[in-house]
Amino acid sequence: MARSSSATGSWARRFPCCCDGDRRNRFGGRSLSGDLLPPPSVGAMAQQPPRLRKKNLVSPYDPRYKVWETFLILLVVYSAWICPLEFAFLRYLPRAPFVVDDVVNGFFAVDIVLTFFVPYVDSKSCLVVDDHRKIAARYLSTWFAFDVCSTFPFQSISLLFDEHEHSLGLKFLNVLRLWRLRRVSSLFARLEKDIRFNYAVIRCTKLISVTLFAIHCAGCINYLIADRYPDPRRTWIGAAMPDFREAGLWIRYVTSMYWSITTMTTTGYGDLHAENSREMLFGIAFMLFNLWLTAYLIGNMTNLVVHSTGRTRDFRDMVQVASEFAARNQLPQQIEEQMLNHICLRFRTEGLKQQETLDMLPKAMRSSISLYLFFPVVQGSYLFKGVSSGFIQQLATEMQPEYFAPKEDIMLQNDKPSDMYLLVSGAVDILTFLDGTEQVYGKAAEGELLGEVGVMSNKPQPFTFRTTRLSQILRIARSKLMDIMRENGEDGQIIRSNFQQRLRVEQRLYIAMHQDGPVPAFERRMDP
């Protein structure tokens, strides 16, 4: 087991980072119909917004409209904070705050009018609807009434009537402004899908915002109950501050937030507690709500932590199992290092999810991607010189990309010729066994084929191929290659001719370099 630990340590020190490759975003080259709105939340797409067929419309992708939406979000945050505060603490309706409220309501009134000119995406056809009548009908049948009620200046109108200064009815109507919070919910939903932003950060921001808003609302409501109770001294705040109504707004607000936080966190110091049945009932409701909110917060935070650490934990377990397996079976150190290198490479490249991405796409799209990525590499190989483009296309779409860690065997000498490989990037040593010792016969560079001798001759592989650094290799099964060659007879003859010509050239070079010795067995095995 000591040998296994030392091998693991040396492997960790020598293994290079394998995720520094080119990660170019290829979405920008995709074109969409002008009738389709591109996905608004993917973030990485660099494409032109669709053109609207009707005039006098506001594109939802117009940068100016985006600024307008951001400005409204800031006003929503202000409304969410000031609305419960006015409802609970501003009993005598001072005029100054409501002037600001009227200005804010004016901006949302403008947005109501503007919504009649903003196209939408039909949920069934996924097409942009830019017809004025359909836009108006959709808005009038959905959120129009709620938006109007949340924008109507009930509080300002109540100031015209002195007898309604203390009325809770008009104040309660003013709470309808909290309907605007749906904009914040939609914003977080978009940001969570936007790949330009970190998901964990957005999710944590949302959870913190929900918690702070719940604390704010609970503190305001609890103060309202105390303020409206007939006997101020028999209230949760009156027991500690008998003249709390004469205290400043800041003192009363901080005291309310203190009670709300200690109750939500189940700290319960006992200095502020319910003194009457109304406060007890609200305290019961708030604590029951806290049970749900706490479970919601803990569940979300647990998911974030598990998601961020799960892959690392699984990787450590795999390394430990592989090391124990090698020690238990007394495997050679070289094989153990290859196992550990492969596990590390799999962990590093798993985040790319290249194969998973290709598998979920339609076949035609997978073929287009394979042609774009692999066509030049396949066409440059000596074995396929002179063949038709159609043959290269068929071949490129059947090839599977694979990654190999440094010092990992791609295939072994005398293996069954089941696959042929094409080296896209990296470097490979060509090894052979002579007189019981392993010798380096040559080196394969980028763009060269590996194992084509065994595949074309239908004989055991004459060499062992081992990577010297991180390598990306395309693999194609021999059966697939032979099927494509049979379907394209002329191209098949060209490939066989290229292969035989290459063998003759290599044999002549070898004989010229070894005039005094016979051709070794592995060289004769290359002869088809």
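Each residue, glycine too, has its Cβ placed from N, Cα and C.
No curator has checked TrEMBL annotations; they are predicted automatically.
The feature transmembrane segment, as given by TrEMBL for the ranges 178-200, 247-269, 362-384, sits at 247-269. Here the transmembrane segment (207-226) does not touch the transmembrane segment (103-121). Their Cβ atoms form fewer than 3 pairs under 8 Å, with each pair 6 or more residues apart. In this chain, the transmembrane segment (71-91) lies close to the transmembrane segment (247-269): three or more C-beta pairs between them fall below 8 angstroms, excluding pairs fewer than 6 positions apart.
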